[in-house]
Structures are given as structure tokens and as C-alpha cells.
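Working notes, beginning with the structure itself.
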Amino acid sequence: MRFSMRQWRKLVLAAILAWALLFLGLLSYFLDNRVEEPLTPAGSLVSQHSDTRRLTSIQSSQQQQQPVPGLRSEQGLNSIRTSHGNQPEAGVLSSSETPGNMVNHIPSSSPYQTYGSQEANHQNDLDPQSLAAWSSFGTQNVDSNFNIASQHRERASQSIFSNNVEDEELPNEISPLVERRADADNVVQHMWRGTVSSGMLSPRLKRAMNDYINANKHHVSYQRHRKVARSAKELLCQMKNQSQLRTVDGSEQPFSSLGWADFVPLVPLQRWNKQRGGRSFRTCAVVSSAGAILHSGLGKEIDSHDAVLRFNAAPTEGYEQDVGTKTTIRIINSQILANPKHEFKTSSIYKNITLVAWDPAPYTLNLDEWFASPDYDLFGPYVEHRKNHAEQLFYILHPSYLWQLWDLIQSNTQEKIQPNPPSSGFIGILTMMALCDKLHVYEYIPSMRQTDLCHYHENYYDAACTLGAYHPLIYEKNLIRRINLGSEKDLLKKGRVTLPGFSTLTCGA
């Protein structure tokens, strides 16, 4: 009887242990998946798959906003309706429609409505009441609840660097703590090695990517040869030869008939870097807006460059230690001009620097269609700004340049990539390679500080900001990783990529 009681006790203890292990396993699985998904409440104005372009808050809040004042409403730009005899075809948006009305033309099943289609600042486009409600669910408790895995990542990376890991150890022997990261971090590790693919993405991001591919909003049809085994030198020369920097110069319709030749700067962007007594920029810094740049202490290093490129509404004030203070040129997407909440007319971050704007256009480069139905109405605000601030250099990138960059990515990728323009980051990198002798890019490929924090100046978390959904981000970053001339230690510790300027390359035709 005593022997059977002992067996019974062992059985009970074994059952308790089994249940404890099962509970811990389920808890670990639940926490990993919570990190993978962005935390957004039901009814939030943040889109289900907020990627790095359009905010779904536009859909409900912009109808209450005042139209952006600009030349679009004046007689000059309105004359395009009569001078060309072109009324927008059925299904094509009229330029007079507000962004809030634009979404009504997009089928409810469209990924451009579900996931978004422009890079933006997630918080800044919410009204204060909505922002307060959203923050109470989505970001106020991030540090204690949502981003547990990110805290583990930061502690792991701090441990690695405090132990003074040698250069040769970094790329090959990654700490076991880092190896236990979530799926998004495993993708970043493959990004460091240049071996990333869409099969490594989470189901959520793969689904968003496939939806964009199937929607093909810009009617992309790529029939050219793909070669994925180019050497770094071959890839650099392909970039130099096939990505010809170009801006809207007013010489093509519909811009020529509207007198845009009088609005655009006399100095082409291609020669912008020669304005300092004929000297080009020797060193340039491209500073991404990624959350990983926080606590980097890279500010002084960034400011030591001859020219510094920043993106969209990324500020320097309050973040000087990490991002520096100097801004020479800023690339902005069309939402910055069109959405009053970005304060394009009044904010000091857009003043006393060179501005370069861009907006998606059809792959066929139909400029009339683009002018009639831009993703966001940048044309009116652009002309108004040029009239009021003629002394400031301000350009709009030509759609042909954007799609040349997209072709470049697809031609070096065996997989079918998202048929949407590259990110502002990739556009900025290639633009500065055309203007500078040497380039340092910070946190475009994330360092060991990698986090799901989208932008260093916002409290919003989503892996899509690093890995992409709308933009072919993983493929862009794979290309930049392949041409990196810097050390692995610089990449992992600083998030710094070193690239040559096109002017320093010797390439055949």
C-alpha cells in the first residue's frame, strides 16, 4: 500500500510538471506572437498593416480638414482641364477631389486601403482625441507590456558590445541571446548576411506583400532579364549606368503648357552639388528615421559630413546626440506637402535646405494621368512654394527615375517584388550616390539596436517599417548590403553602411 502511494505521488508531481511546461510553452508562444503583431485597438485609426506610406486615418479624418491651398485651385493649373481637352476618365480621380474622397475610388478589398500606400508619421495624422485613445491602447504601456522582446534585444546587444567583441567574431558568431529573437529579428540577421528572402517574413507581412503584388495598382509589367549573381562591382556599375537622376523640369506635357519651366530651379538637381565653388561633396551622410538610431550617440559623426540627407518630417531638435543637427537636403513624399498636419508651410525643418519631393506615378510614365491623379496632390503646394520661396532649391523627382530604381531592384531579385516604388530611403541613397564622392548610410540596415519602433521621433511599433509591405524593403536592403564597403562591425554596432559615389567608379558603357 505504501509503495502504491509513492507511485501516486510521483504521478501527481509528473502531471504538475507537465502542465507547468505546457503553460510556459504557451506563454512564450503568445508573447512571441504579440511582438510580431503591431498593437492596435479595435476601431483604431491606425491601419491593420500600417506600412511606410498612407495612413488610414486619412480615410476618416481628412474629410474634416480644409483643402490645401495651392495653385491647383487657381486659374493657371485649372487650365489643364480645358487646354488639353482631357477630362479624367471614369475611375480616374479628379485633382479637385480631397484625399478623403480618394479612398472611395479604391475597392474595399484593395491592399492600398487596407494596408496603406505612403510613408508617413503614424501619430501626427491623428487628431488629439483619437491619438489619446489610440495611445492608451497602443503605446503608453509599450515599455512595460508590448515590447518585452525589444527590451530583451536591447539588453542582449548591450551585453555583446560591453564585452568588446572582436571584429572578426561579429559576423560569424552571433550571441545565443540574439539568436533567440523573434521572427522579425531573424530576418534582420539574414539581412546582415545578405541572404534575406520573403519566405522568412511573418505570415502577416507575406500576406500584405502578396496582396500588393496581386493588386498591382501602378500596372507594372516587368519583362526584362533577371541576374541575381552580380558581383558588388557589377551591381555598382549597373546602378550608375541605369539610374539616371532626373527631376520634373517643365519641358514635358502637361507641365510645359502650364509654364512650369518658370517655376523649377534653374540649377538641375544633377548639378546641385557643384554650387560650392564648383566642388562636389566629398562625404555625405544619409540618416534614416528608424527607431534603432536612438541611443546611438552618432550625432557628432553625422554632423562631420559635408552634406546630410534626412527624410520626411524627421526632426533633429531633442535628438541631437543621436542624429546630429545638420541638414543639407531633405527628401519628402507627397503626403508631407498635401497633409496640413505636417505643417509644410510653416515648420522650420523644411526651411533653408534643399527639398526633393516624390509621388508614385503609373509604370507607363503617363504624366497626364499622374498630374490628374497623384497619390497625394503635391503639384499645387509645390508651385505655391516656388512662387513664395524662389530662392530655395526645391525639386520633384521624375517618375522615370523612381521606376528605374524599381527595375534595378527587380532585375537583381529572383522573386517577384512588390510593384510599388522603392522607399524614400532607397531613393535617397541612390540620389546621394549620384551627388557625393563617399556615402555613409545610418540605420537603413538596422544595427544590433534593431527595434520594431518605426521612427525615432514617434511611439509606434510595427515590423513592417523595417521589413516592408508596400515597399520592397527587404530587397532594397539586400542590394545595399551587397555593395557595402564598410566593416561588419560598423554595420552591426553603428548600423552604418559605406558606399562609393558614382563619380568614383570606373565602369564600361
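We count from 1, first residue shown onward.
Even glycines carry a Cβ here, placed using N, Cα and C.
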Whichever of Cys465, Cys507 is disulfide-bonded to Cys237 when Swiss-Prot is consulted:
Cys507
Quick test of reading the record: Swiss-Prot lists a disulfide for Cys436. Which of Cys284, Cys465 is on the other end?
Cys284
Between Cys237 (disulfide bond) and Cys436 (disulfide bond), the C-alpha gap once rounded to whole angstrom:
16
What is the interatomic distance between the Cα atoms of Cys436 (disulfide bond) and Cys507 (disulfide bond), given in whole Å?
17
For Asn241 (N-linked glycosylation site), identify the closest of the recorded positions Asn352, Cys454, Cys465, judging by Cα separation.
Cys465
Across all protein chains in the structure, which of the disulfide-bonded residues Cys237, Cys284, Cys507 has the highest Cβ count within 10 Å?
Cys284
Between C-alpha atoms, which of these recorded positions comes nearest to Cys284 (disulfide bond): Asn352, Cys454, Cys465, Cys507?
Asn352
